[in-house]
Amino acid sequence: AWYVPCLASLETLQELCRKENLRCKSIGITKRSLKSYEVEYLCDYKVEEGKEYYLVKWKGWPESSNTWEPEKHLNCPLLLQNFLSDKNEYLSRVSEGKTLKVRNHIKALKPAIADYVVKKAKQRIALQRWKEELNRKKNHKAMILVENTVDLEGPPLDFYYINEYKPAPGINVLNGITTGCECADCPAEKCCPKEAGFILAYNKHKKLTIQPGLPIYECNSYCRCGPDCPNRIVQKGTPYSLCIFRTNNGRGWGVKTLQKIKNNSFVMEYVGEVITSEEAERRGQHYDNQGNTYLFDLDYDSDEFTVDAARYGNVSHFVNHSCDPNLQVFNVFIDNLDLRLPRIALFSTRTIKAGEELTFDYQMKGSIDLTSDSAEGLSPSKKRIRTVCKCGAVCCRGYLN
């Protein structure tokens with residue numbers, strides 16, 4: 001047998017079942033629940049003969065089944081609170097800079113207000129589903145939250161969460177490592193970093209001790225040491241709960257930490273689709289025309305490959321650029337020792353407070369900072385449309401590329 005993934009949402013399938021009077025236990029439509037009603041969100045408001053009514057969208061039912069219900073029939077205080085909050089938010093926005101006359105006895109909402117309230121309700125549901133999907137797919141314990149208090153933008157439609165590199169056809173990201181250290185208590189004389197000719201990157205507090213530009217060699221799956229080895233940091237994934245949020249200054253989505261992050265701590269890995277540099281050049285022209293940039297050159301040893309996080313990536317896809325960043329890039333080698341394909345880890349450059357946005361320099365390559373001046377030395381084929389930087393830093397260079 002073979003299966004094709006269904007592109008319809010759970011609610012759409014539930015609506016079809018109810019419309020055709022069909023039962024499907026796997027999506028929650030049983031004989032008992034076939035005619036059950038649960039409020040999904042509130043669409044409108046009116047007052048008739050002194051009674052307050054709300055237009056209800058029932059969960060799993062089409063909008064054609066919406067009904068007006070008196071407030072006393074509704075047992076959904078949070079949805080009522082969201083409805084009133086969204087209504088007041090709309091009124092405050094349209095009245096910005098104007099004197100607003102508050103009417104305590106509104107008989108009915110204007111169509112524009114009702115339309116906004118419905119859009120906000122649908123956005124809230126979509127973002128909640130996206131948050132659940134992200135947390136279902138991630139491979140680390142820390143939580144991922146999603147927040148948009150700025151506009152009506154919902155989840156990105158063409159983004160797929162992954163936890164590790166996704167090689168393009170014809171690219172092999174595994175080097176077939178078959179050996180590891182024999183340390184009973186890392187680091188020992190012949191631990192992985194020393195075998196590679198470098199020093200251990202972390203201290204006993206799991207903080208980074210090496211300078212930017214130096215590689216990190218962690219213990220791998222063939223090493224004798226266990227999961228508590230102090231030389232296993234990046235491979236465990238981010239230890240901090242993060243929030244993908246909508247920025248209010250035109251930079252799209254951003255990422256902020258929900259926990260305090262100490263200096264020199266691992267924060268997250270940058271993952272995406274591994275492509276050739278030639279393909280990256282082709283895609284880069286397209287991204288520049290859109291004003292976006294998701295390409296990260298793997299140029300530790302050569303410039304053969306690039307990571308493209310435009311469609312496939314993790315939380316790092318949403319981390320914005322800053323000319324004065326609080327994250328630094330490091331090249332990491334664990335189960336793959338191919339110098340052309342390092343893993344990219346982001347470490348904190350200072351203490352980062354809870355609620356602070358996370359940023360890194362898009363032109364940062366280890367310890368080498370490609371400034372706008374150095375970009376002038378590129379060949380004509382490498383020159384692209386310059387993207388204006390909106391980081392707001394005092395030392396802002398003015399452009400992302």
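Please read every residue number as a count from 1 along the shown chain.
Cβ from N, Cα, C; glycine included.
TrEMBL lists 37-95 with the feature domain 'Chromo'. Annotation source TrEMBL lists domain 'Pre-SET' at 179-237. Per TrEMBL, Zn(2+) 1 binding site is recorded for C181, C183, C186, C191. Marked as Zn(2+) 2 binding site by TrEMBL: C181, C192, C219, C223. What TrEMBL lists as Zn(2+) 3 binding site is C186, C219, C225, C229. Residues or ranges marked as domain 'SET' by TrEMBL: 240-363. Among the features that TrEMBL reports, S-adenosyl-L-methionine binding site is placed at R251, G252, W253, N320, H321, Y362, K390. Annotation source TrEMBL lists Zn(2+) 4 binding site at C323, C389, C391, C396. The domain 'Post-SET' feature in TrEMBL is assigned to 385-401.
Cα-Cα distance from C181 (Zn(2+) 1 binding site) to C223 (Zn(2+) 2 binding site): 5 Å (rounded to the nearest whole number). DSSP places the residues of the domain 'Pre-SET' (179-237) in helix, strand and coil in these numbers: 7 helix, 4 strand, 48 coil. Listed in sequence order, D361, C389, C391, A393, C395, C396, R397 are the same-chain residues at least 6 apart in sequence whose CB falls under 8 Å from the CB of C323 (Zn(2+) 4 binding site). Among the binding-site residues listed here, namely C229, G252, Y362, C229 has its C-alpha nearest to that of C223 (Zn(2+) 2 binding site).
A distance of 43 Å separates the Cα atom of G252 (S-adenosyl-L-methionine binding site) from that of C225 (Zn(2+) 3 binding site). Across the range of the domain 'SET' (240-363), the DSSP-based residue counts are 18 helix, 49 strand, 57 coil. Ranking the binding-site residues W253, Y362 by how many Cβ atoms sit within 10 Å of each one's Cβ puts Y362 at the top.
Counted within 10 Å of its Cβ, the other Cβ atoms near C396 (Zn(2+) 4 binding site) come to 15, all protein chains included. The DSSP breakdown of the domain 'Post-SET' (385-401) into helical (H, G, I), extended (E, B) and coil residues amounts to 0 helix, 2 strand, 15 coil.
Excluding C323, C389, C391, C396, which define the Zn(2+) 4 site, the same chain contributes H321, S322, D324, K390, G392, A393, C395, R397, G398, L400 within 8 Å (Cβ to the Cβ centroid), listed in sequence order. Secondary structure of the domain 'Chromo' (37-95) per DSSP (helix as H, G, I; strand as E, B; remaining residues coil): 24 helix, 22 strand, 13 coil.
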